[in-house]
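Notes for the one structure printed next.
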Amino acid sequence: MTIGIHEEQQLWRNGARIVAGVDEVGRGCWAGPVVAAAVSFPTHLLNDPVALAGINDSKTLSAEARQAMAQQIRHLASGIGLGVVSAHLIDLFGIAEATKWAMMHAVLSLPSLPDGLVIDWVKLPELPLLQRSLPKGDAISISVAAASIIAKVYRDNLMHEYDQRDPRYGWAAHKGYGTAQHQRALAAHGPSGLHRRSFKPLAAFVD
């Protein structure tokens, strides 16, 4: 299935007026927060294939293309919400719960609460809204793809800020993922306050 608005249309048919796409980034990282975004577009824009051309799963775009597309999304969206959950809370409550909290906070941070949600993978039963949860939603739904771009750009920028504060770990390069560079930094310096010490790969570096 190519990316489009099929999922949004399903929610419209079920009575939703405002539909937001929701996605997260950073779930599999060894360090840093998990970040979620919720994005809603005016209905007339969702029905205009030209207006939202180029929006796609953030993983398919270069860093430069994501930054440019994030600017376009901010200009066109009727609402954008963000949710950020720290490594400390991830360690306390687990990545699954942390991801849900980030997504719920993103939805509740929207300027207008939507009637329906298209969510990548996760279900949010705590929110009494119409929902469609689907695998690889960021490759299917324009709204979810937009959320994936906003979340990715926000988190990448945050990791760049962390890198400026403490360049020892190379946050700007690997964004907290378990690359060889990251593993070498962990071996040399040990875990930082940004590391998810509950994650199994960190066990070798935690006293």
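Backbone N, Cα and C define each Cβ position, glycine as well.
Summarising the annotation, Swiss-Prot assigns domain 'RNase H type-2' to 17-207 and lists sequence analysis as the type of evidence. The divalent metal cation binding site feature in Swiss-Prot is assigned to Asp23, Glu24, Asp120.
For Asp23 (divalent metal cation binding site), other Cβ atoms within 10 Å of its Cβ number 31.
Cβ packing within 10 Å was compared across the binding-site residues Glu24, Asp120, and the lowest neighbour count falls to Asp120. Each residue in Val22, Val25, Ala36, Ala37, Met103, Ile119, Trp121, Val122, Gly137, Asp138, Val144, Ala147, Ser148, Ala151 lies on the same chain as Asp23, Glu24, Asp120 and has a C-beta within 8 Å of the C-beta centroid of that divalent metal cation site, without being one of the site residues. Averaged over the domain 'RNase H type-2' (17-207), the predicted model has a pLDDT of 97.
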